[in-house]
């Protein structure tokens, strides 16, 4: 057992007690840490593979039951947004598990892309470990509370907010939105982006994020919300 990991703390955050705690240790072991530590023989990659499938099943079932009249194409769009790397990274952050990741000294996760990838893989690996140890029920109990509310899933079903905003401005105003970027520093001191979306020389929305792509999406969504835009393909809530 790795003495660097406080198993009880992680279990408390998950609200799940492992009968095979070594599974949790393996899930927390990044491949780079195994490569740099001669006493470690297993890393998280196989558990990530399993956890990815478990997450897909849980989210699929959740959406299927939540929206009984929704077609499979729209459900697939929402599912893709709920299981992508950005979402899985957010699940890790929500659970407060990032600090327990065992990662090699040579592995860089300071930048947003590296952090997102590492934390997303961590969530999937932990979910795989929980599934192996306790089955689908505890994996579901961990995952479902992390998912957005029914109301917040609606924008995911309608697609990328940038595309929706462009469709709106083209149809109603015969113009395209313009995105202006300026540097931004997060409260934690990390460099990021402040994006303003401009339509007909007016600021429609703003977004702040560590990645430019995410900041643009947030700005577009704020613009849509401010203009009370509703897609034709609405979902009954």
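Numbering starts at 1 and runs along the chain as it is shown here.
Using N, Cα and C of the backbone, Cβ positions are placed for all residues, glycine too.
From the candidate list 45, 48, 202, the residue Swiss-Prot records in the Mg(2+) site shared with 121, 124 is 48.
Other than 48, 121, 124, the residues of this chain whose Cβ falls within 8 Å of the Cβ centroid of the Mg(2+) site are, in sequence order, 44, 45, 47, 49, 51, 52, 88, 120, 122, 123, 125, 128.
You'll find the Cα of residue 48 (Mg(2+) binding site) roughly 5 Å from the Cα of residue 124 (active site). In terms of DSSP secondary structure, the domain 'DRBM' (160-229) contains 28 helix, 25 strand, 17 coil.
Residue 124 (active site) sits 5 Å from residue 52 (active site), taking the C-alpha atoms as the reference points.
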